[in-house]
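Participant: Not my notes, these are from TrEMBL:
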type    : residues                                                            : note
BINDING : GLU91, ASN92, THR93, ARG121, GLN135, GLU139, ARG266, TYR270, TYR271 : L-histidine binding site
DOMAIN  : 1-336                                                               : domain 'Aminoacyl-transfer RNA synthetases class-II family profile'
Amino acid sequence: MTEQKKQKLEKLSGVKGMNDILPQDAGLWEFFETTVKSMLRSYGYQNIRTPIVEHTQLFTRGIGEVTDIVEKEMYSFTDALNGENLTMRPENTAAVVRASIEHNMLYDGPKRLWYIGPMFRHERPQRGRYRQFHQVGVEALGFAGPDTDAEIILMCQRLWDDLGLTGIKLEINSLGLAEERAKHRVELIAYLEKHLDVLDEDAKRRLHTNPLRVLDTKNPAMQEVAQNAPKLIDFLGEESRAHFEGLQRILKANNIPFTINPRLVRGLDYYNLTVFEWVTDKLGAQGTVAAGGRYDPLIEQLGGKPTAACGWAMGIERILELLKEENLVPEAEGCDVYVAHQGDAAREQAFIVAERLRDTGLDVILHCSPDGQASSFKSQMKRADTSGAAFAVILGEDEIANGTAGVKALRDTSQSNGKSEQQTVPLEDLTEYLINAMVASTEDGDD
């Protein structure tokens, strides 16, 4: 062996800010995904799945060139084969809109759509903020009234209730229509120009390109200036005001508490009229767990016909952090049956038994030796215990000779009379025995 081969190979690690979801955590993810998908179905939303990589222009046109995401955070690259500028999606609204236009999805009326998956932003990793993160979101395309704004907000509240989460507060605002924002923009720029000495470099750069984003500053030195700036809500015309008041009436009728936050503007350029955030004080600086609003101009902006639309997205990692914070993590579930065996004939029968049990819907782990050698029943039963299985099925030479199987309850159940003694069951009755035992064990857990 050469000296180079003798050298220990460097251990590879994942990309900073992009995390593995390990088996011990996957159960919580599955719990959340099952819960949110059930909620989405209850509102009649349909799943849509778009590619992770899109043309960069989709986001520069859709999100806005003078936004943090486009300027600083996108993972973009040039395709070596054809020179196309591509980007790993930093959010999914623009992609869903692109798909709806490309596939003429709105020809037969409005659509209620939902998505779930990874997004990518080149940010400084910290709690609740990662370079690969996961979102679930909804897009209601072709709906213009405040009733749809209210419905998507109610969806969030229902999800918090389904998950058992408390203390998530709703903030709302209206960004009005384009002409109202134009009037406000003139007043806002004039106001900010009087306070140039307080503005940081980011704010000065945005002053004439995206002054509304200055109000969303996190800079403590600029808070007073932002607080006293002209409020867009004061520039709303009759139509915008009626839309916003209609939303508030529906929220009040459904007992959804909210706060009007005049500084809430969101970080993406495509919003108009309603914007909202669900926030918590339990996650430190990353307190927004869901956000959205109305984006009526976006579909036309991306080449479609003028179409009203609204939606939201929520960060899954942040919601899982909240579930952990509030001790709402469900208990990990083990499998139903662990099949232990010894001897060639028993091994062959073990495969048959395992498949028959799976045919009935039971989850079964069949023992396989880690080192390829025969394992003692003692070591196999240790593995059965640590697997979380409810029952062990034991097949050895005696069992095969007698056409039976040993069954041992690994948890206390009425089937084991509070003990864990091994029972002998004819192979032909094994499936029925285990199904009855599992039912009894479930009923015990419900008592």
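Cβ atoms here come from the backbone N, Cα and C positions, even for glycine.
TrEMBL: automatically predicted annotations, no manual curation.
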Participant: Enumerate same-chain residues with a sequence separation of six or more from ARG266 (L-histidine binding site) and a Cβ-Cβ distance below 8 A; give 'none' if the list is empty.
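Facilitator: Expected: ASP216, VAL275, GLU277, ALA291, GLY293.
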Participant: Averaged over the whole of the domain 'Aminoacyl-transfer RNA synthetases class-II family profile' (1-336), what is the pLDDT?
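Facilitator: The answer is 91, the mean pLDDT of the model over that range.
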Participant: Please name the residue among the binding-site residues THR93, GLN135 whose C-beta has the most neighbouring C-beta atoms within 10 angstroms.
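Facilitator: Per the Cβ count within 10 Å, the most buried is THR93.
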Participant: Within 10 Å of the Cβ of TYR271 (L-histidine binding site), how many other Cβ atoms can you find? Include all protein chains, please.
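Facilitator: The answer is 23 other Cβ atoms.
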Participant: Take the Cβ of GLU91 (L-histidine binding site) and count every other Cβ within 10 Å, whichever protein chain it belongs to.
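Facilitator: So the number of other Cβ atoms within 10 Å of GLU91 (L-histidine binding site) is 19.
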